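Copied from Swiss-Prot, the annotated features are:
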- 466-478: compositional bias 'Acidic residues' (COMPBIAS)
- 525-535: compositional bias 'Basic residues' (COMPBIAS)
- 138-317: domain 'CP-type G' (DOMAIN)
- 29-50: region 'Disordered' (REGION)
- 461-508: region 'Disordered' (REGION)
- 525-556: region 'Disordered' (REGION)
Amino acid sequence: MAKYCLKKTSKRVSCAKRYKIEKKVRDHNRKVKKEAKKNGTTNKKEKTISVPNSCPFKEEILVQAEQEREKIKVRQEAAKEAAKIHRIEKRKNNLPANFESMVAKASKQGTEFDKKVASAAEHEKFNTLDDKTIKAYASEVRKTVEIADVIIQVLDARDPLGSRSKSVEDQVLKGGKRLVLLLNKIDLVPRENVQKWLEYLRGQFPTIAFKASTQEQKSNIGRFNSAILNNTETSKCVGADIVMKILANYCRNKDIKTSIRVGVVGFPNVGKSSVINSLKRRKACNVGNLPGITKEIQEVELDKNIRLIDSPGVILVSQKDLDPIEVALKNAIRVDNLLDPIAPVHAILRRCSKETIMLHYNLADFNSVDQFLAQLARRIGKLRRGARPDVNAAAKRVLNDWNTGKLRYYTHPPEQGTAKEDIVVPAEVVSQFSKEFDIDAIAEEQNQIVEGLPMESDIIAPHNSDEEEDDDDEMETDVNEKKQTVTSGRKVKGPTKDDDKPVLPESLALEGNVQLNKLIKTAIKKQKKKSKKTANRADKLSDSLGNMLGGDAMEM
């Protein structure tokens, strides 16, 4: 063992001490550089001029090089002095000479600021409501209504009244055309809600429950028959056969021998192009979850008797009656083009329960919209410089979840005659439309589709705003809004309390169907495996004991 005096001192120090030393070194070096720059001295050594001894004119070359070096130094000093003088003059020119010049400068800056504000307002107007674009889209919709014989208005099943256009319906009725309401996206709402909306809307116009296909292939798009809707999460189309039947009934009852044109209209992003692709069973129109994909009318031949007309989505409402927040919540404007995405989030949090939002995004309790967006920004990693949360990015994330259906919601139909949105349709018109399309003949198939939807308890945890009290003004429930339920589409991960229970077939729950033979065979099989393992262990143990006893006998 080495002597104690020969052992070297360990260089290991604590991290705090090492960081402290490094910080002091940095501060010292910074101070030295600052002093050197102030005094005009530098530690940088000048590069020596080296000339080979074999050169015949070495002395003259060295003298000439020194003279050039001095000239370069003089030019650099002169440039520094000129730059210093220029900075001083510029600083003097920026200072106002008198009160009048100060006022003129302030007015100039105010004019520049007003120009910036005006340009920002024009940019917001362009992103939200472009008058030329709206007029162009509106003319395309009017053209569709004029040339079509039957109009199918596609509604979002989550908010049918919010996606319904009264002006389009008035144009259809004035033109003597036939109108059919198609309730799309029924897989996003519970069964009871769909039944109530069908009952409410059928009192005004013929209404069909529908689910457009979400498959991405170009052809052979799948569809379900109305009687076998057993998977609510399928990407196939549901209800296409019923649409074809009512159109065929209309042609037969009106004795139309030639083809008819069917116009498909509706708000942006309600699924008009997806409905046409589902009926055609191939990708005939471009689709996407962003508004403005369809920019002009497009005619698609369904068969020899039916031609479908796809129209661009537009909200035909006067600009003074148009609420920009409602437009954003209906996905009529691209989320990336919104200059203030936080305002729609206020409306979302007024319509849904705090527990639903906390469960969906896995957040702690919050008392305001700003606090919620700050927590969500940290949760999804949207941070600015200095670890400040990017609330705008978090608000856009919430809007995207709202528009794509991840944050599920649905509205409740109003009572007959109590809603401001009620459209009064004469009873003669309702009965005439029902007879022409023979709605009673497809009632049974419609009921089968609705019965195949999940119950409210399967996917929905309804929020009752009367059971909660919130002291914060920003989180207060908006009583003027339509009755609406918002739920989380987030699935709970991880083990549950029922994981420890044995998994048994569902058929055993039926009375008189216990499958005794199958259970007996399974139990016998497990018992055989267990006895076989026990026998193997006993054999190994006996072999080891025999070897030990044999070795002891040989030694004796």
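Yeah, the Cβs are placed from backbone N, Cα and C, and that goes for glycine too.
Keep in mind it's a predicted model, so treat the numbers as computed, not measured.
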Mean pLDDT for the domain 'CP-type G' (138-317), as a whole number? 79
Give me the DSSP three-state residue breakdown of the region 'Disordered' (29-50), ordered helix, strand, coil. 11 helix, 0 strand, 11 coil
For the compositional bias 'Basic residues' (525-535), what does DSSP give as the number of helix, strand and coil residues? 11 helix, 0 strand, 0 coil
